[in-house]
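Going by TrEMBL, these are the annotated features:
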- 9-104: domain 'Pseudouridine synthase I TruA alpha/beta' (DOMAIN)
- Asp52: active site, nucleophile (ACT_SITE)
- Tyr110: substrate binding site (BINDING)
- 143-244: domain 'Pseudouridine synthase I TruA alpha/beta' (DOMAIN)
Amino acid sequence: MKRLRCVLAYDGTDFSGFQVQPDQVTVQGEIEAALNRVTGEDIQVFGSGRTDAGVHARGQVIHFDTSSNIPMDKWRFVLNNQLPDPIVIRTVEEVDASFHARFDVQVKEYRYCIDNNPVADVFRHRYADHVRFPLDVDAMQQAAHYLVGEHDFTSFCSAKTYVEDKVRTVYGVTVEKSGDEVWVTCRGNGFLYNMVRIIVGTLVEVGQGKRNPAELREILAACDREKAGKTAPAKGLTMWEVVY
């Protein structure tokens, strides 16, 4: 028995999230089905985190155990040959049996893309949220600074979150303009349900002049979801990188 770690990318548009769900098409479900076809084993996949329906990944990490004798240099080809086009295995390597894709994570990075063009780009609509009026990126960055550090992020997580400990450490939040795109990058030791999307939705309201940057400090302190902005659409969010 050996443990393999894979880095994968996927277009989450047509999936009901990463995690297996009854009667739903999910990323984990597709990978486990592919593994069963190539090994004949019932293999459970463990991911670094669960992405919601419509959320994408560039650097999702998984691990699984297998007794298969498939050569290491063939794994990527064999799996990609069995997976649907929206899922791609980027790398495969054997790791120590103690490695865990979820529990060993040190840093996660998510990036959110905003199409800030007056007219939506039809070729980006699967991967970016369209905001047609110009955003004040400098104001958004000022607001983002208040989120850095260890905080109780109750105000920035879905009311559906049943996790008791809502304290997380955010290492950095940057807002950058590139052409007619605005990118929000969040790095931290972990994120609550919908946390990044609510952060983005709130920062967009700052960029639109509906809030002033200093309000972010008050929103954090309130520990009240109603004080923060809307949840940004899933399609603009990508799990970019996971660091161990």
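The backbone N, Cα and C atoms fix where each Cβ goes, and this holds for glycine too.
Under the DSSP three-state reduction, Asp52 (active site, nucleophile) is assigned to coil, being neither helix nor strand. With a 10 A radius on its CB, the residue listed as 'substrate binding site' counts 24 other CB atoms from all the protein chains.
With respect to their backbone Cα atoms, the residue listed as 'active site, nucleophile' and Tyr110 (substrate binding site) stand 13 Å from each other.
Other C-beta atoms found within 10 angstroms of the C-beta of the residue listed as 'active site, nucleophile' number 17, with every protein chain shown included.
Secondary structure of the domain 'Pseudouridine synthase I TruA alpha/beta' (143-244) per DSSP, as helix, strand and coil residue counts: 33 helix, 31 strand, 38 coil.
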